[in-house]
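Sharing a structure below in structure tokens format, with a few things to ask.
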Amino acid sequence: MINKPLVLTYLYLLIYILLSSGVILYNKWVLSPKYFNFPFPITLTMIHMGFSGLVAFFLVRVFKVVTPVKMTFEIYATCVIPISAFFASSLWFGNTAYLHISVAFIQMLKALMPVATFTMAVMCGTDKPRCDVFLNMVLVSVGVVVSSYGEIHFNVVGTVYQVTGIFAEALRLVLTQVLLQKKGLTLNPITSLYYIAPCSFVFLFVPWYLLEKPEMEVTQIQFNFWIFFSNALCALALNFSIFLVIGRTGAVTIRVAGVLKDWILIALSTVIFPESTITGLNIIGYAIALCGVVMYNYIKVKDVRASQSPAENLPDRITKDWKLEKKSSDIYVPSSISDNGGSGVGNGSASDVHLDVEAPLIPSSRLSHIGRSVLK
């Protein structure tokens with residue numbers, strides 16, 4: 001007999017993988033001078049932020065699908081604004097990278113996310129230096145370096161943009177943990193977009209006005225309403241697909257789906273964008289980095305197990321494991337709504353997160369948690 005809940009879970013995972021990959025490829029196609037030729041990443045990101053914020057406003061204020069949280073000016077000024085600033089920065093830099101380097105290479109560089117989050121967490125005092133984790137970070141870094149060395153169309157500018165975006169997202173994660181969690185603020189994907197998207201739009205306006213507006217005034221722009229509307233709609237749908245997935249699976253399952261998505265995306269990008277060439281050294285380097293990421297995740301899961309009382313009986317242990325798994329996947333982060341993918345305004349433990357900046361950020365296991373929530 002067919003297990004309908006299980007089938008539904010796998011269906012949601014499939015939708016997440018397809019939307020996450022689709023948003024990244026779609027953004028690359030829109031931005032690339034060789035295809036749609038709209039080389040204005042800040043503008044594209046602002047369209048996503050504006051659309052997502054508008055939809056969130058209608059869901060919260062008009063249709064009252066969810067109830068807004070009690071947001072004071074002090075919380076908004078000290079928490080939402082700085083988090084939105086780094087969210088906007090990560091999307092800006094990440095999307096700009098698509099103008100210079102391939103989707104496949106960007107996915108490989110994103111393996112650096114655990115390195116960035118761990119480094120920022122240690123610097124901000126939310127995590128402690130550990131030899132085992134440090135060795136994993138070295139392994140990931142070596143893998144990325146090998147992969148970069150094997151990149152045929154290596155571009156320094158694009159690589160710097162992407163790495164900067166990764167570290168901006170890592171700092172956003174740490175700030176989310178340090179600032180929001182101390183306030184005990186609970187956000188879901190919709191309320192996160194409601195508060196974060198408009199603020200991020202405002203932050204992006206300044207670089208847009210200085211960098212892209214002058215160029216857009218003297219360039220013949222190819223603006224197709226349906227292209228941008230469908231692109232923004234896909235990014236928004238990605239956020240909601242994450243909401244469905246985290247409600248039916250745990251953090252480990254989502255992480256596995258994320259790894260699968262990365263490999264599928266790397267393969268698809270070489271087919272859709274023939275100029276993207278993958279070398280054997282690329283694959284070897286990425287495999288090495290992935291081993292470091294998997295070992296890092298294993299250490300974090302082991303830490304969680306070790307924190308449980310050995311005296312617990314089996315039923316209690318199973319119940320606690322289940323709650324912990326759900327709690328970890330409960331921390332959601334809106335996707336780069338643009339992607340770079342995405343990122344989110346998540347509330348997970350920064351050191352536990354392997355960001356999927358394409359897609360909303362789904363923190364991992366051990367979590368301190370703001371309740372249940374979202375910053376790709």
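Using the three backbone atoms N, Cα and C, a Cβ is placed for every residue, glycine included.
Just lifted these from TrEMBL, have a look:
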{"type": "DOMAIN", "residues": "11-297", "note": "domain 'Sugar phosphate transporter'"}
{"type": "TRANSMEM", "residues": "7-26", "note": "transmembrane segment"}
{"type": "TRANSMEM", "residues": "38-63", "note": "transmembrane segment"}
{"type": "TRANSMEM", "residues": "75-93", "note": "transmembrane segment"}
{"type": "TRANSMEM", "residues": "99-121", "note": "transmembrane segment"}
{"type": "TRANSMEM", "residues": "133-154", "note": "transmembrane segment"}
{"type": "TRANSMEM", "residues": "160-180", "note": "transmembrane segment"}
{"type": "TRANSMEM", "residues": "192-211", "note": "transmembrane segment"}
{"type": "TRANSMEM", "residues": "223-245", "note": "transmembrane segment"}
{"type": "TRANSMEM", "residues": "252-273", "note": "transmembrane segment"}
{"type": "TRANSMEM", "residues": "279-299", "note": "transmembrane segment"}
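In the displayed structure, how are the listed features positioned relative to their neighbours?
Using a Cβ-Cβ cut-off under 8 Å and counting only residues 6 or more beyond its ends in the same chain, the transmembrane segment (99-121) has close neighbours at 24-25, 28, 31-33, 39, 41, 127, 133, 136-137, 140-141, 143-144, 147-148, 151, 153-155, 157-159, 161-163, 166-167, 169-171, 173-174, 177, 262, 265-266, 269-270, 273, 275-278, 282, 285-286, 289-290, 292-293, 296, 350-351, 353-358.
Tertiary neighbourhood of the transmembrane segment (133-154): same-chain residues 101-102, 105, 108-109, 111-112, 114-115, 118-119, 275-277, 279-282, 284-293, 295-296, 299, selected by CB-CB distance under 8 Å and a gap of 6+ residues from either end.
Only residues 6 or more beyond the boundaries of the transmembrane segment (279-299), in the same chain, are considered here, and those with a CB under 8 A from a CB of the stretch are 104-105, 107-108, 111-112, 114, 118, 132-133, 136-152, 255, 259, 266, 354, 364-365.
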Need a quick answer: max count of Cβ pairs under 8 Å to the transmembrane segment (7-26), which of 38-63, 160-180, 252-273 is it?
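The listed stretch sharing the most Cβ pairs with the transmembrane segment (7-26) is 252-273.
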